[in-house]
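Please read the structure below before turning to the comments.
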Amino acid sequence: MAAGMGFRSHKSLLTILFGFLGLFSFTVEAATKKYQFDIQVKNVSRLCHAKPIVTVNGRFPGPTIYVREGDRVLVNVTNHAKYNMTIHWHGIKQYRNGWADGPAYITQCPIQTGNSYTYDFNVTGQRGTLWWHAHIFWLRATVYGAIVIMPKPGTPFPFPQPAREFEILLGEWWHKDVEEIETQGNQMGLPPNMSDAHTINGKPGPLFPCSEKHTFAMEVEQGKTYLLRIINAALDDELFFAIGGHNLTVVEVDAVYTKPFTTQTILIAPGQTTNVLVKANQVAGRYFMATRTFMDAPIPVDSKAATAIFQYKGIPNTVLPSLPSLPAANDTRFALSYNKKLRSLNTPQYPANVPLKVDRNLFYTIGLAKNSCPTCVNGTRLLASLNNVSFVMPQTALLQAHYFNIKGVYRTDFPDKPLTAFNYTGAPLTANLGTSVGTRISKVPFNSTVELVLQDTNLLTVESHPFHLHGYNFFVVGTGIGNFDPAKDPAKYNLVDPIERNTIGVPTGGWTAIRFRADNPGVWFMHCHLELHTGWGLKTAFLVEDGPGQDQSVVPPPKDLPAC
């Protein structure tokens, strides 16, 4: 009898123990990570100037979100600032859950002053570096931070394990309030003032005045390897990044592993992320990390370099750091060569599932134009367009209008190709080809495959444009300079291991072809990630229809969805 009782007690204990272990293992593999984001105005000093800026939790840049692949994330955003606010989780696919995507008036209306909204999303099938930022007006100038997604427990990186990791966020700084600068530019019909400095982790570095306290430094040990998670959070500039005397090995972009390659300098467009390995294998000393603008079009930019310190342990701060040699600001050859080296890892564990059959071919031209504006300085206002349609933001969020079948908010007749064909990258053209304005988007059947060719044009000027597609990754199957040739260029596509990402630069005076499978229902924003061009109308959206399956339609909206 006692033995039986003992056995039952032992069995009960084992049941409880295994139940506990099962619970523990579940929480490790599928944890819920909760964050509180308080949108606050705080006085911050840079370059001998102090000004109030919009921050998250009083920090600039804002806090890093740390999750594992498979986790659920809850971020409660409370808006204490005078501006309306939304947060976009840049690169998170948000399957069926556009309500958590964040672009104002596309998937949600803004969080008004004094109100809160909880972003609730799962991180599924992704690992690596992404980022978050405000997605309304120019507020992402100061409201941004990193997202670090670690692999599932027990899953190693497909590259050597680093001794330590650092997040490196590249940004910009203006002496004046960025919202006032944007408003002034719109009223004048001219581009706003360029930034007064670039920043590394919110700091311009010692090459600028009053920057002794405003320099980021990372300490390294001889012989060890470090992982840098680099994010370009700048509003309007593609950037070079390098470390004096050290090589960088690229292992990931936009949270997708790459075939590793070594370079002295990386090129990173606004919205993009790049993970690099750097080995502390040089003479122990202090070295500058530096970032500076890449611009190969005749457009003025802030060309001053922001710097941070890569410092070997035990080296005193009195040692002068050595600068890296960055490419020339207009080095097109380097830019094209660098981007050509980016390839998907394409292994059995991390395959490159490139769509080989295309259901829908789209061809979008990128154009600039001048429209009449009697109150503006030159009597005209600059516009930007895709296929000569300059997008107008609605007052009701597109996803809400779609889900609740609200009429009159948007049209689904965005043209698949420009109405007028011309020599897109030939002699400079000043005609606007009848640019129209409106809220026009493209409807795409669920699970169809799409090829989109983005073609730069010489309307007013050629220029590089980094395009970001929400809700999806895509494969960059081809790129070139000049006009896309539909008869010859597809034969040169890389359909084996093209780079997969969520933001891609269209080269100055050139084109880029991307492919994706429309398997995420909802309304998904696509826009140039140069904030200046987005504001001028260089944007549109895809309405991806629901599929027939049980888990192939947009989930119901949360109860606390902000009202318009």
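Glycine is treated like the rest: Cβ placed from N, Cα and C.
Note that the structure is a prediction, hence the values are computed from the model and not measured.
Feature annotations, courtesy of TrEMBL:
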SIGNAL    1-30  signal peptide
DOMAIN    39-152  domain 'Plastocyanin-like'
DOMAIN    167-314  domain 'Plastocyanin-like'
DOMAIN    414-546  domain 'Plastocyanin-like'
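Shown for the domain 'Plastocyanin-like' (414-546): DSSP residue counts in helix, strand and coil, namely 10 helix, 58 strand, 65 coil. Sorting the domain 'Plastocyanin-like' (167-314) by DSSP state (H, G, I as helix; E, B as strand; all else coil) yields 11 helix, 72 strand, 65 coil. Per-residue pLDDT, averaged across the domain 'Plastocyanin-like' (39-152), gives 97.
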